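Below is one structure; the comments refer to it alone.
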Amino acid sequence: MYALRRREALEEAGITHVVSVLRLPLDKELFLQYQHKIIEVDDVEDENLLEHFPDSNKFISEALKGGGAVLIHCAMGKSRSATILTAYLMASRRLAPHLALGIIKRVRPFVGPNSGFMQQLELYHQMEFAENVEDHPIYQRWIYLRDVERSNAAGRAPERIHFRDAEAEIGRITRVEEGETPEEKGEMQLRCKKCRTTLASSTSFTPHMPKPAQPSHNEAPRQPCAHHFIEPLLWMKTELSKGEISGKLECPKCKSKVGTYAWQGLKCSCGDWIVPGISMARGKVDEVT
């Protein structure tokens with residue numbers, strides 16, 4: 001904020017555009033001579049700054065292409081403004097977060113996005129700097145998990161659920177049946193043991209890390225996990241949308257029980273705790289590879 005009152009320094013730097021990344025009342029008189037973009041966010045770990053990256057990148061890019069210069073500021077010049085600049089450098093130069101942030105630290109060593117913003121920068125990198133982040137599956141899953149976390153804290157089921165595209169799942173399976181083998185696809189299909197209806201593929205599995213076993217000379221080999229943990233799929237929508245904290249999952253065709261769910265999480269047979277817990281019992285499904 002202090003930099004905005006140094007008019008001579010801003011003029012010498014040729015500043016034409018300003019990005020304000022904070023949620024505070026601003027003196028409009030300070031911005032009259034600039035193109036001004038405001039991003040109202042707090043410097044807290046659960047703030048969603050990721051959704052603003054495409055617009056802020058466009059604003060900065062257009063300013064620079066027009067021969068202008070951009071001042072990006074927050075309250076302390078450490079976290080929020082650094083995150084916005086890092087996102088721009090990542091997208092414009094195709095850089096990983098740590099490389100883009102390293103460029104900034106060469107001239108401003110004390111900058112450091114908070115841990116939540118760093119996670120969002122990592123997600124943005126995984127999304128390959130998508131211009132429409134809200135439609136990207138990685139973003140949608142992140143928002144869904146945030147909602148689940150908040151709902152669990154309030155002791156209720158989430159109001160918004162991100163379902164994997166069941167039709168896309170079936171499309172992949174159809175291509176396999178038309179000639180492309182599961183081995184070539186590198187996927188596993190889960191089918192109801194009773195009626196053989198395809199319920200999920202390994203692309204919808206929720207990965208988790210079994211807890212390491214204590215070393216023992218007499219210990220038997222580790223058994224596979226008793227359940228497959230998966231993301232919500234459209235055939236589960238009726239059950240998962242009831243607003244219940246937990247319940248059972250039935251095959252959409254024969255109605256036999258194939259699994260359970262608990263929004264607060266389920267403990268796997270390997271000892272790991274999975275949140276949210278949406279599982280299909282190995283004994284209730286056939287694994288087709």
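Residue positions begin at 1 at the first shown residue.
Positions of Cβ are set from backbone N, Cα and C atoms, glycine also.
Unlike curated entries, TrEMBL annotations are predicted automatically.
Sequence-distant neighbours of C74 (active site, phosphocysteine intermediate) (same chain, six or more apart, CB under 8 Å from its CB) are S20, V21, L22, D43, R80, S81, listed in sequence order. The active site, phosphocysteine intermediate annotation in TrEMBL covers C74.
Note on the domain 'Tyrosine-protein phosphatase' (1-130): DSSP counts are 67 helix, 14 strand, 49 coil. The domain 'Tyrosine-protein phosphatase' annotation in TrEMBL covers 1-130.
Here TrEMBL flags 51-109 as domain 'Tyrosine specific protein phosphatases'.
Taken from TrEMBL, the feature region 'Disordered' covers 202-223.
Across the residues of the domain 'Tyrosine specific protein phosphatases' (51-109), the predicted structure has a mean pLDDT of 97.
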